[in-house]
Amino acid sequence: MSDEEHQFESKADAGASKTYPQQAGTIRKNGYIVIKARPCKVVEVSTSKTGKHGHAKCHFVAIDIFTGKKLEDIVPSSHNCDVPHVNRTDYQLIDVSEDGFVSLLTDNGNTKDDLRLPTDESLLTQIKDGFGEGKDLVVSVMSAMGEEQICALKDIGPK
């Protein structure tokens with residue numbers, strides 16, 4: 001049994017939960033929430049007063065962080081909501097392939113080849129144009145609930 005047989009690629013998951021509970025009344029604007037099993041960024045929160053019977057309710061308006069779709073939910077303020085673990089990581093862009101995938105350089109020198117180009121037209125054009133001009137580009141990748149997507153681009157000058 002050599003050490004090499006025990007090496008495996010870490011995806012930094014380790015079976016951890018993709019969400020954590022948070023009381024609805026404590027979730028604020030610009031926070032994150034899971035609505036209809038989608039990770040969303042909260043753009044508006046309004047709270048209604050308690051009625052004769054029942055709880056105060058929180059009305060959330062949120063935007064899906066991957067698709068950009070607007071979602072709404074109404075939850076009693078004392079109940080727990082799922083909040084996604086959202087991570088944002090910067091990678092250097094190495095290559096853009098013909099089939100719509102990108103090659104990214106991770107911090108430890110490995111390549112990450114499993115990400116598609118973003119669906120957002122302006123970001124897609126910026127990446128293709130910048131890469132075509134030979135610029136050094138750094139992309140920000142947002143990940144939540146097992147999904148990853150390029151969400152921003154930085155130009156760090158010519159190669």
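Our numbering is plain: 1 for the first residue shown, then up by one each step along the chain.
In case you wondered, yes, glycine gets a Cβ from its N, Cα and C as well.
Please treat TrEMBL annotations as automatic predictions, because they have not gone through curation.
Of the listed segments 1-21, 64-84, TrEMBL assigns region 'Disordered' to 1-21. Sorting each residue of the domain 'Translation initiation factor 5A C-terminal' (85-154) by its DSSP state yields 12 helix, 40 strand, 18 coil.
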